[in-house]
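Worksheet: one structure, shown below.
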Amino acid sequence: MAAVQDGQLNLEVEKDIKTEITNDGSGNINANSSSPGSTSSGGKSKSPAGSGEDQQTLLAVLQFLKRNKLTESVDILRREAGLSADADDSPVSESAGAGSGGVPSVGADGGDANSLLSRVSIATPVAPPATAPPKVVAASGGEDQPDVNVVLSAYSQQGDPVLYPLYYNGLKKFIESVLDCHRAELSQVFYPLFVHMYLELVYNNHENEAKQFFEKFSGDQECYYEEDLRILSSMSKKEHMKGNETMLDFRTSKFVLRISRDSYQLLKRHLQERQNNQIWNIIQEHLYIDIFDGMPRSKSQIDAMSGSLAGEGKRDANKAKVFYGLLKEPEIEVPLDDEDEEAENEEGKPKKKKPKKDSMGSKSKKQDPNAPQQTRIPLPELKDSDKLDKIMNMKEATKKIRLGPDNLPSICFYSFLNAYQGLTAVDFTDDSSLIAGGFADSTVRVWSVTPKKLRRVKSAADLSNIDKESDDVLERIMDEKTASESKILYGHSGPVYGISFSPDRNYLLSSSEDGTVRLWSLQTFTCLVGYKGHNYPVWDTQFSPYGYYFISGGHDRVARLWATDHYQPLRMFAGHLADITCTLFHPNSNYVATGSADRTIRLWDVLTGNCVRILTGHKGPIHSLAFSPNGKFMASGATDGRVLLWDVGHGLMVGELKGHTDTIYALKFSRDGEILASGSMDNTVKLWDTLKAFDDVELDDFTAATGHIHLPENSQELLLGTYMTKSTPVIHLHFTRRNLLLAAGAYNP
Amino acid sequence: MAEERRPKQCTVVLPTESMKAMAESIGVGQLQEESCAALSEEVSYRIKEIAQDALKFMHHGKRCKLTTSDIDYALKLKNVEPLYGFQSQEFIPFRFASGGGRELHFYEEKEVDLSDIINTPLPRVPLDVSLKAPKEQQKTESTEPLKAVKPGQEEEGSTQKGQGATSAEAKGKKDGLMRMKPRSTHELSVEQQLYYKEITEACVGSCEAKRAEALQSIATDPGLYQMLPRFSTFISEGVRVNVVQNNLALLIYLMRMVKALMDNPTLYLEKYLHELIPAVVTCIVSKQLCLRPDVDNHWALRDFAARLMAQSCKTFSTTTNNIQSRITKTFTKVYNNCWLDDKTQWTTRYGCIAGLSELGPDVIKTLILPRLTVEGARIKAVSDGPVVSNIDKIGADHVQNLLLKHCASVIAKACPLPDNVEQYRADYGYLGPMLCSHVVKARAQAALQAQQVNRTTLTITQPRPTLTVSQSGIGGSGGSRTPSIIKVPSSLTLMSTRPGTPTQPSPPATKYIVMATSSGSSSTQQVITRTSSSVTSTVASATSTLQPLVKLESGGSRPLQKYIVVSLPSSSSLESKSGVLPPSSSTSPILLEARIKVDCSDSPGASTQSPH
């Protein structure tokens with residue numbers, strides 16, 4: 001568990017806090033140069049005796065106390081700190097927007113721990129940090145690990161433990177007796193209710209009753225909650241609740257249900273008639289019921305969306321506008337003569353016109369209305385080498401094979417031999433010339449898959465001897481003696497779980513169990529930076545498609561956005577309720593998507609740091625994400641073996657691809673987006689017809705507004721092919737620029 | 001709600017005895033029962049918690065097996081010191097012990113003598129990680145058919161869609177998977193291995209009934225693609241061995257396997273032609289195929305193999321692989337050498353001519369007819385000349401028959417009507433007059449066939465008439481055999497005098513009609529009959545049926561002698577009744593002194609031997 005476990009709240013504070021601190025988890029913390037540095041624990045920082053705390057922290061504490069009507073303490077503290085009365089007011093106004101991205105509806109709680117620290121929005125996130133490192137932790141600490149006792153205090157209401165099963169049964173009978181159309185909706189209540197009732201029993205030390213209750217009703221819950229139930233079942237004592245992540249997740253976030261107004265009224269009336277206060281209290285306190293007008297949803301509709309740790313995403317959570325369009329391609333002066341020569345050499349004349357039209361005309365002339373502004377986030381300038389690479393890319397793209405159901409890609413499989421079950425991550429460069437593998441033995445290995453060998457730059461002493469004026473200076477700086485097909489990078493001290501090449505192929509990122517992300521130079525094959533911030537295993541890291549930025553996410557549930565030249569994160573995206581398992585940049589680099597073990601996917605705005613999408617529907621931890629090349633759609637794969645397709649603009653699930661029998665570790669769209677390839681632990685690569693999948697979805701205004709979509713059951717039609725490996729789990733997939741599919745995995749004899 | 005109640009959630013806790021044992025191990029003597037219970041619950045909970053975290057590491061390590069290191073990392077996550085040194089060789093390193101009413105699991109730690117470790121040789125250094133990928137260059141530029149195609153990689157997609165070019169390519173690419181380990185061979189499932197064993201044993205075994213069944217299975221079973229490489233190797237190896245041992249019977253069996261494979265519509269042999277064609281050609285032109293060339297009817301095998309060759313040419317020849325032209329070239333080269341060199345065996349010569357003739361009238365017209373004079377002279381030299389070896393004489397006779405048979409029909413179609421004997425003599429030398437009479441007969445036969453309305457005409461169309469053409473990159477070195485698929489819907493017209501499908505095995509178990517073709521007046525049927533006669537190779541004749549049966553002995557040291565009888569009726573009874581003498585029977589010396597053995601499978605010793 002992240003952060004501190006020892007909530008050292010002052011006792012009197014603890015008692016007085018009756019207001020529930022809801023850390024809905026959607027708060028975001030932006031860091032910038034002006035934001036305060038503070039210690040890593042919200043709890044600790046409240047101790048006034050703590051010396052060395054800076055003023056900002058004090059202000060935050062003061063606010064907190066004030067809000068909780070602890071005027072006495074406020075006065076004392078202020079006196080001690082020697083602060084003026086108005087000094088603490090300034091951050092308040094600034095913190096207004098905190099937490100607004102995710103859940104505006106909990107506005108009342110908006111000023112919770114998130115806003116303990118002032119959040120200062122900034123215009124240029126890439127502004128280099130001045131003296132103070134951009135660090136925001138108190139909030140995230142509080143969010144990750146709210147004080148247990150505070151959280152549990154909500155369970156203090158005492159009911160007769162013997163009555164719990166009766167209450168539950170009564171509700172069950174009622175729901176079973178209502179009209180069919182309402183039954184499915186109301187059945188959603190069962191699971192959160194069950195969990196909270198169980199936790200209440202446990203909290204109040206009714207161990208035996210809790211066990212009985214669990215045994216009696218756990219079988220009724222949907223099968224996709226099995227994992228959570230298993231964790232619950234192991235928790236049978238109040239002491240266990242301390243520090244148990246799942247329990248905290250349940251307490252800190254309201255379970256979100258979407259219920260139609262009619263069904264809700266029905267439930268309300270029933271509970272009020274029966275005077276069933278126990279259940280009503282739980283619903284009031286721990287559940288968030290998102291009421292909508294209209295037809296109740298069907299069972300399948302509900303099932304499609306449910307399954308996450310904290311229920312469905314609220315509808316409001318997905319209302320923010322997402323600029324999913326692609327950025328304008330920079331105008332590149334194509335060296336005409338060079339291009340012509342090439343084209344003529346290979347294809348003769350007719351080819352020659354095309355590439356320019358494609359590259360210059362269609363892409364750059366018209367601006368996508370859905371695209372963000374070009375300068376919405378600052379992007380690194382193109383270097384000459386980048387331009388050359390872009391030109392190469394265009395040339396290759398003209399030779400791209402047009403894929404479709406009748407024209408499936410060839411698959412080339414790279415097998416890692418003798419990996420002894422130690423291959424944990426793979427990445428290809430965009431031009432498919434290099435392949436990198438992260439291993440459980442802490443090493444990162446880079447292979448060249450072209451005849452061009454990997455060479456190191458000469459040592460400084462040797463470099464001084466080269467003639468810098470010569471034309472082939474770039475060749476001369478390389479040390480021929482070091483040429484080899486593969487290089488090993490040593491530096492991590494734990495398994496390397498994430499690996500990513502920079503788009504210009506000069507750098508490599510790796511994230512590891514040791515809590516660091518490392519940046520490696522592929523010129524010198526040495527480690528350049530170790531980014532420390534995650535104190536727990538970092539499960540994934542990913543370069544932005546434009547380079548410079550990268551995202552990392554790990555066990556501490558916070559995704560961090562970094563720039564390669566800053567050793568502190570630029571943004572921290574907090575909100576997930578469990579480990580962040582995979583991270584991915586949107587093709588336009590303005591958004592990042594994170595998949596989590598809480599079975600949700602969140603999309604974050606890089607500029608504001610807000611969570612702009614919460615996508616629920618997976619029934620297991622998400623292990624792979626992929627954006628379609630046009631940025632409009634997203635695919636996600638999870639341990640449940642299903643691939644879900646999402647419309648990023650609307651925040652809707654638009655497809656479900658069933659077929660895999662094990663965790664999906666790799667997803668990739670073809671270069672034109674017609675085909676989705678998925679690779680899984682079940683030793684198969686499957687190809688899906690995404691064009692058809694996206695076409696089949698009818699998006700009328702109603703579904704777009706409510707998000708209640710009917711998913712067509714067409715996995716079998718969309719499945720274009722299944723390719724078995726012998727005994728090699730597929731852990732990475734990559735489409736070359738010509739649409740050849742590369743796959744990689746370690747052979748498990 | 002869940003349909004069925006899930007298995008009970010794990011509420012397992014450690015037994016209190018374990019607590020006691022653990023307490024004792026660290027020196028706590030008397031532990032209260034309640035403490036034990038409380039402890040065990042707590043410990044169980046913590047263990048579960050750690051296991052759940054360890055599971056996370058397993059998932060991110062992309063494994064399905066939880067390792068001890070996962071648990072170490074999970075402990076580290078909880079700020080607990082990992083269990084150093086828990087490196088077990090075994091999966092479950094615990095030992096069980098009981099005694100004194102207690103049951104214990106313990107971790108066995110043996111005392112190791114340090115000198116032992118020092119003195120033992122170092123273990124081999126584990127291999128370093130390496131990256132394997134299919135060599136695309138090899139794929140596209142190989143001129144040989146893909147030998148390494150291991151069909152285990154069959155994907156559902158391509159079977160559904162047929163062998164589209166792309167999926168075939170994709171499949172080829174996927175074969176890289178199979179090469180991930182050097183020397184790794186694709187393993188057949190146990191069922192397939194059994195099947196393969198049964199089939200191959202039956203095909204070369206002694207029981208004709210079984211063989212018929214096996215061949216039928218090969219010819220019709222749709223799921224054999226995985227075994228195709230094995231079959232192909234089996235055949236090519238088999239031919240190689242048995243040619244050397246002159247084991248005619250087995251060669252025939254193997255050729256019949258080839259035939260059956262070709263008949264299977266779900267198999268596509270192109271990728272295995274590089275193994276099959278040499279085997280078949282060997283059976284056509286080899287100098288010696290049996291132990292006693294004078295008595296054994298290896299001619300039938302040559303004919304049969306020649307027909308197979310012709311069939312595969314028709315089926316698989318494409319502009320890229322040029323099988324037909326390459327085969328023709330091979331035959332003519334040998335054939336030309338035959339003409340130049342008198343020493344060439346008649347057997348080889350026969351094979352070449354047979355092979356060429358089967359390729360069609362055009363080939364006969366351009367390659368054989370011009371040579372008839374030379375060949376005639378040579379035959380004359382043998383038959384009229386001084387006493388030569390019997391073998392040569394028989395060989396010459398066979399060549400003569402063969403030439404007459406094939407050429408007559410071609411000439412009959414090509415030449416104008418008045419068949420002048422002198423003209424023929426002038427054109428074709430020694431063979432002229434005989435040819436003339438054959439042509440006359442052929443014309444008569446054709447006329448007769450035209451009259452017979454209900455004559456069965458069997459058209460065998462090749463199994464897969466339509467297949468897409470996939471042209472993969474043609475390599476520089478001729479590229480004649482690049483893997484490419486083209487299918488000429490070839491049809492083989494058989495005019496059988498008997499209604500019925502000659503390619504189907506006839507009901508009686510002892511007889512198996514392998515094939516029947518007719519390119520002219522006479523239809524040829526090859527009936528292979530097996531008998532368990534213990535008499536050594538005998539050739540008997542029964543003039544009534546005019547069926548020359550040649551009995552072949554299968555070599556080998558098996559306790560049970562096996563014989564195969566191959567009959568080559570050059571004419572059917574129908575024809576002989578109709579008064580038209582089959583050309584071969586009238587002219588062939590071997591048929592004049594036809595020896596036919598009354599040979600039934602149930603009469604081992606009943607064969608009569610006629611003097612040769």
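The backbone N, Cα and C atoms fix where each Cβ goes, and this holds for glycine too.
Residues A:85-110 are the range that TrEMBL records as region 'Disordered', among A:85-110, A:215-240, A:293-318.
Long-range Cβ contacts of the repeat 'WD' (A:657-689) within its own chain (Cβ-Cβ under 8 Å, at least 6 residues beyond either end) map to 397, 400, 402-405, 408-409, 411, 620, 623-630, 633, 635-639, 641-645, 715-735, 737, 739, 741, 743, 745.
Within the repeat 'WD' (A:416-457), the DSSP-based counts of helix, strand and coil residues read 0 helix, 23 strand, 19 coil. Outside the repeat 'WD' (A:416-457), and at least 6 residues removed from its termini, the chain residues within Cβ reach (under 8 Å) are 389, 392-393, 396, 463, 477-480, 482-501, 503, 505, 508, 510, 512, 514, 520, 522-525, 731-732, 734, 736-737, 740, 742, 744-748.
Panel annotation: around the repeat 'WD' (A:615-648), residues 224, 227, 304-308, 311-313, 318, 322, 324-326, 370, 578-579, 581-584, 586-588, 593, 595-597, 599-603, 654-673, 676, 678, 680, 682, 688, 690, 693-694, 697, 699 of the same chain, lying at least six beyond its termini, place a Cβ under 8 Å from a Cβ of the stretch.
For the repeat 'WD' (A:615-648), the model's pLDDT averages out at 91.
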